[in-house]
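See structure below.
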Amino acid sequence: MSRGPRRAGAGQGAAAAVQLLVTLSFLPSVVEAQVTGVLDDCLCDIDSIDNFNTFKIFPKIKKLQERDYFRYYKVNLKRPCPFWAEDGHCSIKDCHVEPCPESKIPVGIKAGSSNKYSKVANSTKELEDCEQANKLGAINSTLSNQSKEAFIDWARYDDSQDHFCELDDERSPAAQYVDLLLNPERYTGYKGSSAWRVWNSIYEENCFKPRSVYRPLNPLAPSRGESFYTWLEGLCLEKRVFYKLISGLHASINLHLCANYLLEETWGKPSWGPNMKEFKRRFDPVETKGEGPRRLKNLYFLYLIELRALSKVAPYFERSIVDLYTGNVEEDADTKTLLLNIFQDTRSFPMHFDEKSMFAGDKKGAKSLKEEFRLHFKNISRIMDCVGCDKCRLWGKLQTQGLGTALKILFSEKEIQKLPENSPSKGFQLTRQEIVALLNAFGRLSTSIRELQNFKVLLQHSRCHCEKGQLFPSTSASPSAGSWGTADSPALGSLQPEVPAEPLAVHHSTQTASVGSRK
């Protein structure tokens, strides 16, 4: 009596194996065929970016990220979510971030203020502070306490006018140094309604989109309605760019999760590596109804934007006053030399995105649109404080801050051109936090594009083995039963958000209109 069901089950298993074999053999050519050619809204092709990144950028940026100046990032992971009551922090062990003990931080980083780079600047900080206090004292001697507080608020407001991100206060007791090399971005298992709500708020409320238009694959979308891409193509360039930047960042995060996936854990020893099934679920044209290739193209577009920012900000770092001070004179000199080499490479790229095509209308309208653009992105940086997984929050904050810094650079060209050689600039300034975020964020994009190439090779390798009858040739490139238990449940980086048990109400408080109201 039991043989029949077993035979049926075996037949179903064989059919599923054949189907997977056919799918894997077909996937590489589909991905390669659709993620190619010239990108929209710019004159650059994907193959050129692949070659440039592989041979010029990736080896150097990876090396730079290992230097002390760029591996230690100060961040506040305890800031409350400003938009909704938090669901509580994730208790999964892989969500944990291990802060760096104070004793491990290089003395130059620990002692320096947020916008001092050189040994001279750090050693003269106390004198400058005293002089500044005397000046403020002279100015404020006739002001009431209430007026003094208002003056301080105005100064803070002026300082934030060029920022596209909500920066953490590095002086806060809750801000801690994190060693980015010891807390890598990878799949943590964080998923469900908490993760869904973060991305839903970003896309539905901050991407210049009316509520009548739903992004592709949104589970709450009605069966009928205006086509998302018909709507998107009707937008001005600036708003299309905004959406592509967010989509590209999302795709990049997805690639990191797929490439650093928990494949198995034996006797407490985890094995991390690329998960092809997860990659296929997030990017395969069939499974994503054509969305996967679009999102991968947006990743390349984002790479171009940040590449352009690095080429524009080079003069800032070429000045003698900037030496990326950590206290180790030899390493600091090597680090700056490596950074300047990277800038030289970015300048040599022949097909840069032309940021001058943005905000180029009448001055009043362009200024208003630019401010709206800035506030929308700043709001997204605040939403990162609503992520329940500490590791996801860390890398989400770093990468949004890095992109925000890139945007700040692109729209500060005149100020960068007027930089004094031997003194700080009042017109344009970068904090160490912004510098570390900028280069690490670009490093993540460079890694994403490199990982995409690796997945293409692995899929091609699988196709060859499939043709020979070997379905999964090696454990490093193939799934195990233990690693796929929750593969169909989206993580923070998921492109297909999980439908909550009850539909979540749209949180109007995360809209840009509420930027001024905080908890």
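Every residue gets a Cβ built from N, Cα and C, even glycine.
Lifted from TrEMBL, the feature list:
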- 1-33: signal peptide (SIGNAL)
- CYS90-CYS95: disulfide bond (DISULFID)
- CYS130-CYS165: disulfide bond (DISULFID)
- ARG186, THR188, TRP199, SER247, HIS250, ARG282: FAD binding site (BINDING)
- CYS389-CYS392: disulfide bond (DISULFID)
- CYS389: active site, nucleophile (ACT_SITE)
- CYS392: active site (ACT_SITE)
- 473-483: compositional bias 'Polar residues' (COMPBIAS)
- 473-519: region 'Disordered' (REGION)
- 508-519: compositional bias 'Polar residues' (COMPBIAS)
Inside 10 Å of the Cβ of ARG282 (FAD binding site), count up the other Cβ atoms and send me the figure. 26
Where ARG186 (FAD binding site) and CYS389 (disulfide bond) are concerned, what is their Cα separation in Å, rounded? 12
Inter-residue C-alpha distance, SER247 (FAD binding site) and CYS95 (disulfide bond) (nearest angstrom): 23
If you measure from the Cα of ARG282 (FAD binding site), which of the disulfide-bonded residues CYS90, CYS95, CYS165, CYS389, CYS392 is the nearest? CYS392
Going by a 10 angstroms cut-off between Cβ atoms, which of the disulfide-bonded residues CYS95, CYS165, CYS392 has the sparsest surroundings? CYS95
For the binding-site residues ARG186, HIS250, work out the Cβ neighbour count at 10 Å and name the residue with the minimum. ARG186
Compute all pairwise C-alpha distances among ARG186, THR188, TRP199, SER247, HIS250, ARG282, the residues listed as binding FAD, and give the largest one in whole angstrom. 21
Out of the binding-site residues listed (THR188, TRP199, HIS250), which are within 10 Å of CYS389 (disulfide bond), Cα to Cα? THR188
I need the CA-to-CA distance for CYS95 (disulfide bond) versus CYS165 (disulfide bond), whole Å please. 24
Compare the Cα of TRP199 (FAD binding site) against each of the disulfide-bonded residues CYS90, CYS165, CYS392 and report the nearest. CYS392
If you measure from the Cα of CYS90 (disulfide bond), which of the recorded positions CYS165, THR188, HIS250 is the nearest? THR188
Rounded Cα-Cα span from HIS250 (FAD binding site) to CYS165 (disulfide bond), Å: 17
Round to the nearest Å and give the CA-to-CA distance linking HIS250 (FAD binding site) with CYS392 (disulfide bond). 12
